[in-house]
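Participant: Have a look at the structure that comes next, please.
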Amino acid sequence: MASAKKSDVNLENAMVMADPALADWLVAAPLILGFIFGAICLMQRKNVLLQTRIALFGLLLMLIADIGLFINVWQNGTVVMTMGRWLPPFGITFAADMLGATFALVAGIVGLAGGIYALSDVDSTSRRYGFYPFLLLMLAGVTTAFLTGDIFNLYVWFEVLLISSFGLIVLGSERRQLDGAIKYAFLNLVATTLFLIGVAYLYGVFGTLNMADIARKAPALQEAEGPHFAIAIMFLFAFAMKAAAFPLNAWLPASYHTPRIAVSAVFAGLLTKVGVYALLRIFLTMFPADRDELGAVIAIIAALTMLVGALGALAQTDIRRVLGYLVISGIGLMLAGLALGSETGISGSIFYAAHSMIVMTALYLLAGIIGRLMGTFDLHKAGGLYQASPWLGALCLVLAFSVSGLPPFSGLWPKVLLVKGSIDVGAWWLAAAIIVSGFLTTIAMVRVFSFSFWRTRAEGLVEIGPISREGRIKLYAALGLTALTVIAGVYPEPFIQVSDRVAFELTHPQTYIDAVFGGNQEGGGQ
Amino acid sequence: MEVAIAILTGVFFLVSIYLILSRHIIRVLLGVAMLGNGVNLTIFTAGRITREIPPIIGDDATVPLEGIANPLPQALVLTAIVIAFSFFAFLLVLVFRTYQELGTDDTAEMRDAEPEGEASPPLGY
């Protein structure tokens with residue numbers, strides 16, 4: 001087939017000839033593991049017990065791969081792998097910098113916790129209908145979205161995680177679920193389609209889809225013609241919708257309380273944060289100049305998001321819906337760092353994002369436990385838990401303090417960084433919004449605590465029994481995540497070091513560009 | 001050629017936004033399908049439209065000819081079509097199941113997840 005002439009071509013100009021180092025394969029490992037184990041689980045979906053074991057093993061392996069990747073990136077800097085050996089920007093690049101590796105690691109933890117919790121939360125019918133395959137595929141999609149270095153590829157991973165999440169949200173097919181799923185599905189699909197429109201224009205202007213290549217060419221095109229700013233706005237709109245930032249947040253409180261609690265928990269931990277990740281990547285690595293222009297707009301969105309989220313949480317009677325609004329409030333804080341654009345601010349955002357992924361998941365898991373014990377999620381009927389299980393009360397209080405940003409838990413430090421960053425640039429109103437939203441969150445969460453734990457059980461309701469043996473598994477998952485927030489709160493030094501380094505890399509996009517193109521600065525693009 | 005297709009794309013977006021703004025979920029679904037096709041046309045046009053020279057490297061050459069058609073947008077559109085089709089299929093079933101279960105296709109009447117007139121949270125006990 002291939003003509004003999006081909007051998008005359010010097011392939012080194014166009015291709016990566018060296019085999020990638022073994023450790024570099026870790027960039028692709030979460031994807032490969034997620035898909036392989038997802039496929040095996042799908043084949044074994046009728047054998048519920050075996051399928052569950054395979055899935056948990058797969059989730060554990062993914063977490064180990066994420067840890068390995070994180071250590072590798074921490075020690076050796078950005079790890080790059082290009083598919084099909086084509087030199088960037090021609091091959092699809094996977095590039096794990098500190099931002100991607102950190103988010104992937106936390107996503108791995110959240111995924112495993114969700115998988116363990118589901119052992120006693122998701123019934124065998126739902127498992128036969130594919131809970132674990134969907135979870136594995138969604139986690140693979142989320143993790144790879146954090147690691148890819150190609151913007152069209154990012155779109156593909158968005159769609160992978162979206163279609164898997166559709167499968168998860170309708171498991172059970174209750175009326176509420178279908179209603180929630182309709183809103184979730186349509187609004188998210190419109191958001192990803194808007195993202196794709198942005199990608200189309202981006203390709204029309206830059207002629208490339210490689211993120212590092214775009215970042216490299218963006219300064220030169222800044223003054224040139226081309227709808228550069230319009231593309232940035234399009235991305236802001238699309239990803240703000242995915243992240244559920246105000247005023248595009250309607251889909252989240254309409255849907256997050258409807259599926260199984262394990263599903264809600266994983267969604268709260270992972271999905272909105274992918275939107276935040278994409279915003280950070282696009283506005284800090286690719287279009288830093290547009291971020292400077294849009295900073296004030298993003299700051300207003302951030303302040304409104306955190307306040308609306310916290311106020312929304314105050315107005316809810318269903319515990320799960322209180323948490324849904326708190327997810328939105330947290331998104332506002334992450335956007336605040338992006339709005340500031342300073343290293344302190346971005347560092348705060350990253351730390352807060354990791355904190356929020358862990359704590360929001362833990363809170364949903366906890367809500368599942370207390371909801372099951374009380375037989376209701378309604379605050380009107382809640383009560384009597386303190387007598388049944390004081391330790392559960394301690395757990396709830398720790399998480400309530402953590403999500404509100406009270407010491408000594410992990411919510412405090414990122415907020416300190418963000419407030420400091422705001423005051424440094426004179427944005428006192430942003431600092432005030434952060435503090436007020438924290439105050440409102442405290443009220444909302446302490447109300448949940450006092451109504452479910454301190455209030456005596458109403459007459460005529462069934463007595464609360466002890467936590468069953470299967471229920472303990474749920475407790476372990478929530479406890480594991482809570483331990484992390486306590487550690488990060490009491491000893492924040494290493495966590496701040498990581499987020500500072502992420503912020504440094506993000507504010508110096510040249511490191512990312514250099515890592516992707518290696519020594520081959522002139523290569524490609526011609 | 002680009003101008004003509006750009007106008008056509010505009011019409012696609014116009015129709016799809018009009019449909020998405022409807023209260024009836026089936027029209028929204030059709031609007032989303034139209035939107036996907038509009039985006040595909042956008043990608044296709046963004047890659048510049050030339051048709052004279054196919055992007056094939058002959059047996060006796062090592063580089064393609066000057067001014068070939070751009071093959072990349074076609075690969076992108078193909079990916080997007082597959083994704084959009086699978087989403088359409090899923091949403092069609094979801095909409096149908098919802099219609100069966102809730103007995104309405106009017107979004108304003110779908111209030112199962114967020115019931116109207118919910119009681120305010122308790123203020124004390």
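Cβ coordinates come from backbone N, Cα and C, glycine included.
What TrEMBL shows for this protein is this:
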type	residues	note
TRANSMEM	A:25-42	transmembrane segment
TRANSMEM	A:54-74	transmembrane segment
TRANSMEM	A:94-119	transmembrane segment
TRANSMEM	A:131-148	transmembrane segment
DOMAIN	A:150-441	domain 'NADH:quinone oxidoreductase/Mrp antiporter transmembrane'
TRANSMEM	A:184-206	transmembrane segment
TRANSMEM	A:226-249	transmembrane segment
TRANSMEM	A:261-284	transmembrane segment
TRANSMEM	A:296-315	transmembrane segment
TRANSMEM	A:322-340	transmembrane segment
TRANSMEM	A:352-373	transmembrane segment
TRANSMEM	A:385-406	transmembrane segment
TRANSMEM	A:426-454	transmembrane segment
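Thinking about packing and proximity, how do these listed features fit into the structure?
Facilitator: Here the transmembrane segment (A:94-119) has long-range neighbours at 26-28, 30, 52, 55-56, 59-60, 62-63, 65-67, 69-70, 72-74, 77-83, 131-132, 135, 139, 142-144, 146-149, 211-212, 260-263, 265-266, 269-270, 273, 277, 280-281, 350, 353-354, 357-358, 361-362, 365, 368, 470, 473-474, 476-478, 480-481, 484, 498-499, 501-502, 505-506, 511-512, 515-516, meaning same-chain residues at least 6 beyond its ends whose C-beta is under 8 angstroms from one of its own.
Same-chain residues lying 6 or more positions outside the transmembrane segment (A:131-148) and placing a CB less than 8 Å from one of its CB atoms are 27, 30-31, 33-35, 37-39, 41-42, 45, 51-52, 54-55, 58-59, 62, 66, 69, 92-96, 99-101, 103-104, 107-108, 111, 114-115, 118, 122, 154, 157-162, 164-165, 167-168, 171, 260, 262-263, 266, 270-271, 274, 277-278.
Through the fold, the transmembrane segment (A:261-284) approaches residues 99-100, 103, 107, 110-111, 113-115, 117-118, 121-122, 131, 135, 138-139, 142, 145-146, 154, 158, 161, 165, 168-169, 171, 195, 211, 232, 235-236, 239-244, 252, 290-291, 294, 298, 320, 323-324, 327, 331, 334-335, 338, 341, 346, 349-350, 353, 356-358, 360-365, 367-368, 371, 506-507, 509 of its own chain, all at least 6 residues removed from its boundaries and within a Cβ separation under 8 Å.
Within the same chain, residues 236, 240, 245-247, 249, 253, 283, 322-323, 325-333, 335-336, 338-340, 427, 429-430, 433-434, 436-438, 440-441, 443-444, 447 sit at least 6 positions outside the transmembrane segment (A:296-315) and bring their C-beta atoms closer than 8 Å to a C-beta of that stretch.
Sequence-remote contacts of a segment are chain residues at least 6 beyond its ends whose Cβ falls under 8 Å from one of its Cβ atoms, and for the transmembrane segment (A:322-340) they are 243-246, 249, 252-253, 256-257, 264, 268, 272-273, 275-276, 279-280, 283-284, 291, 295-296, 298-299, 301-310, 312-313, 316, 346-350, 352-353, 356, 360, 363-364, 367, 403, 414-415, 417-418, 421-422, 425, 427, 430, 433-434, 437, 441, 444-445, 448.
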Participant: Please give the sequence-distant neighbours of the transmembrane segment (A:25-42): residues at least 6 beyond its ends with Cβ less than 8 Å from one of its Cβ atoms.
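Facilitator: Same-chain contacts beyond the ends: 51, 54-55, 57-59, 61-62, 65-66, 68-69, 72, 79-81, 94-96, 104, 108, 130, 132-134, 136-137, 139-141, 143-144, 147.
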